[in-house]
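Q: Pasting a structure below so you can have a look.
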There are 2 protein chains.
Amino acid sequence: MSRVYNFSAGPAVLPEEVLKECAEEMMDYKGCGMSVMEMSHRSKVYDEIIKEAEKDLRDLMNIPDNYKVIFVQGGASLVFAGVPMNLMKKGKAAYIITGQWAKKAAQEAEKYGEVVKVASSADKTFSYIPDCSDLDIPDDVDYVYICENNTIYGTKFWELPNTKGHELVADVSSCFLSEPVDVSKYGVIYGGVQKNVGPSGVQIIIVREDLIADGPALKCTPTMMDWKIQSDNESLYNTPPCYGIYVCGKVFKWIKKMGGLEAMKKHNEQKAKILYDFLDSSKMFKGTVEKKDRSLMNVPFITGNEELDKKFVAESKAAGFENLKGHRSVGGMRASIYNAMPIEGVEKLVAFMKKFEEENS
Amino acid sequence: MSRVYNFSAGPAVLPEEVLKECAEEMMDYKGCGMSVMEMSHRSKVYDEIIKEAEKDLRDLMNIPDNYKVIFVQGGASLVFAGVPMNLMKKGKAAYIITGQWAKKAAQEAEKYGEVVKVASSADKTFSYIPDCSDLDIPDDVDYVYICENNTIYGTKFWELPNTKGHELVADVSSCFLSEPVDVSKYGVIYGGVQKNVGPSGVQIIIVREDLIADGPALKCTPTMMDWKIQSDNESLYNTPPCYGIYVCGKVFKWIKKMGGLEAMKKHNEQKAKILYDFLDSSKMFKGTVEKKDRSLMNVPFITGNEELDKKFVAESKAAGFENLKGHRSVGGMRASIYNAMPIEGVEKLVAFMKKFEEENS
């Protein structure tokens with residue numbers, strides 16, 4: 001077995017010890033005589049797995065008691081519809097457009113009500129986060145929506161928008177559990193787990209209970225997308241994505257063992273600093289994002305020469321650095337350095353970039 | 001490691017060799033240096049996994065070229081909404097109610113249009129399949145819906161209903177790949193994979209392409225539930241449940257190796273015969289379903305004495321037979337004997353039942 005350094009934007013690198021445990025428990029989970037994949041979701045042993053996963057997540061994020069946690073299927077893309085279906089009681093919402101995923105979320109919401117785009121960074125290819133301290137938000141919106149970390153463009157909201165008293169809904173797929181978060185500032189935090197937390201196929205939605213107390217806003221909401229029903233049934237209305245939740249649970253325990261979200265933040269800042277410092281000093285490579293808005297998770301960079309970019313991607317792959325090619329919509333390179341990427345992965349990448357720069361200058 | 005005989009109705013037993021391969025490949029899939037859980041769904045290596053899974057499924061089921069195959073998330077319960085959303089162009093559909101899942105599917109469809117219940121076996125606790133050879137089906141329905149194998153009650157449509165020319169839509173979750181099927185008789189066949197095919201969190205929808213050519217019938221359909229978009233994007237509109245699809249692919253290969261669906265049918269008939277023959281000869285245990293409608297997959301039975309049922313469930317569990325308790329809505333016992341249940345599992349169960357009968361008569 002030899003492992004590469006995997007800089008994929010998602011699905012992405014997972015902690016080796018989590019994968020080892022999954023392998024060891026594959027045929028027989030803790031002496032119960034079956035794989036977690038084979039267990040009834042109504043069995044006592046699985047109930048412990050899902051309950052413990054929720055408890056560990058609550059501990060890690062310090063989730064207040066008046067917030068519900070649900071594990072659902074469908075991808076963030078399905079939640080794009082779930083947000084207006086559940087929350088658009090007055091039929092209007094404000095969206096801040098900082099990239100492709102916020103744009104797609106807004107487009108989907110337009111099927112169900114009025115969408116007001118209150119800010120955007122489309123003018124500069126989403127390379128920054130717009131000033132959201134004093135936006136013109138209509139009084140009658142149901143919520144203000146952001147994509148908090150923009151996987152494709154490598155930007156992050158370091159300050160939450162001033163929503164002027166409206167509920168904040170945030171897609172945190174690509175920064176989930178990467179640092180401490182004050183859940184009470186949000187109405188809804190949600191994310192797909194396939195970047196920082198587990199295998200694709202699980203979304204986690206954290207929602208303040210009063211927002212869903214009366215059930216969904218729209219009658220056309222499928223039962224499976226009714227957050228109140230999912231919450232009342234503790235994510236067991238139907239068969240959940242059992243194995244994925246089990247892996248997430250292991251990652252939660254790994255983060256706890258590593259010291260929790262404060263420690264994760266330090267670890268992530270350290271890795272990002274190594275890479276950004278190099279980009280800022282290099283004559284060949286440069287970051288594409290305004291410094292104040294740089295993501296700790298996704299680091300896009302270019303050489304300014306498409307042929308050289310291609311050469312870099314090919315040679316880095318040959319050297320054991322996988323998935324450094326930028327998103328098909330923007331080109332260049334991107335290193336996603338999620339929680340499970342070890343520091344030496346980034347150090348070795350920077351050493352490789354230095355060598356490449358020397359050889360190609 | 002010791003493995004039990006797992007009679008769970010789903011998630012359910014998987015072939016041991018599939019699980020072994022999953023464990024072996026967990027840290028490093030075929031030398032690519034990462035787990036399938038960590039792979040980009042847009043990578044070449046994952047593309048081969050999903051393409052090969054579809055190809056093997058097409059081979060196994062002999063799926064005609066004018067049928068699309070999509071892998072989606074959300075559970076059959078989400079497809080309950082997806083069916084009317086995609087197909088209810090005239091706003092009306094016929095449902096045949098043979099159990100709880102057909103009932104739930106009909107209830108969900110009522111959100112989106114008119115539902116005509118054209119037959120039901122509710123009068124005898126769903127212990128039989130109603131005669132569907134000459135139903136009174138309105139001319140203007142978009143489709144006729146069945147749940148082909150009823151997991152909870154242990155019945156199976158051995159003859160498809162006469163739909164009088166309307167499209168047949170079938171939920172085959174609990175009989176998927178258990179025997180050969182003539183796909184051309186259906187407009188849509190779909191199922192969750194967590195019974196006969198893989199881990200929970202993946203649904204497979206097989207749909208004739210002309211039915212989705214114009215996109216969904218209803219405007220409120222979330223993009224993720226738009227079968228045309230899913231099909232046009234070959235199940236990669238967003239990040240699919242990658243790991244689950246990978247396991248399904250392994251199960252497809254296992255079924256092929258076992259001799260395909262004809263061989264599966266023989267294997268399943270043989271197992272079911274052992275159990276039904278015993279039930280028919282026992283003085284203590286009896287099956288609950290009309291003989292002509294018995295499922296090969298789910299075999300419910302009772303002693304007629306609730307205390308004895310409880311004792312049996314407890315003692316069978318202690319003897320290494322798991323999940324024999326009947327569904328919470330019907331009580332008694334149920335043995336689910338899916339493809340991956342070996343014959344010796346059923347033989348040993350019957351031997352145990354005989355012994356229990358002797359000891360408790």
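Cβ atoms here come from the backbone N, Cα and C positions, even for glycine.
Any TrEMBL annotation is an automated prediction that lacks curation.
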Q: Where TrEMBL shows B:ALA76, B:SER77, B:TRP101, B:THR151, B:GLN194, B:ASN238, B:THR239 binding pyridoxal 5'-phosphate, which of B:ASP59, B:ASP131, B:ASP134, B:ASP171 is named for the same site?
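A: TrEMBL names B:ASP171 for this pyridoxal 5'-phosphate site.
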Q: According to DSSP, which kind of secondary structure is B:ASP171 (pyridoxal 5'-phosphate binding site) found in, if we only use helix, strand and coil?
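A: DSSP assigns B:ASP171 (pyridoxal 5'-phosphate binding site) to strand.
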Q: For the binding-site residues B:TRP101, B:ASP171, B:GLN194, B:ASN238, B:THR239, which ones lie near chain A, with a CB less than 8 A from one of its CB atoms?
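A: Of B:TRP101, B:ASP171, B:GLN194, B:ASN238, B:THR239, the entries that lie near chain A are B:GLN194, B:ASN238, B:THR239.
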Q: Of B:SER77, B:THR151, B:GLN194, the binding-site residues given in the record, which has the fewest other CB atoms within 10 A of its CB?
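A: Lowest Cβ count within 10 Å among the binding-site residues (B:SER77, B:THR151, B:GLN194) is B:SER77.
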Q: The record lists B:ALA76, B:SER77, B:TRP101, B:THR151, B:ASP171, B:GLN194, B:ASN238, B:THR239 as binding pyridoxal 5'-phosphate. What's the largest Cα to Cα distance among them, in Å, rounded to a whole number?
A: 31
Q: I need the CA-to-CA distance for B:ARG42 (L-glutamate binding site) versus B:LYS195 (N6-(pyridoxal phosphate)lysine), whole Å please.
A: 28
Q: Quick one: mean pLDDT on the domain 'Aminotransferase class V' (B:4-349)?
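A: The answer is 97, the mean pLDDT of the model over that range.
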Q: Taking the Cβ of B:ALA76 (pyridoxal 5'-phosphate binding site) as the centre, count every other Cβ atom within 10 Å, in any protein chain shown.
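A: Its Cβ has 25 other Cβ atoms within 10 Å.
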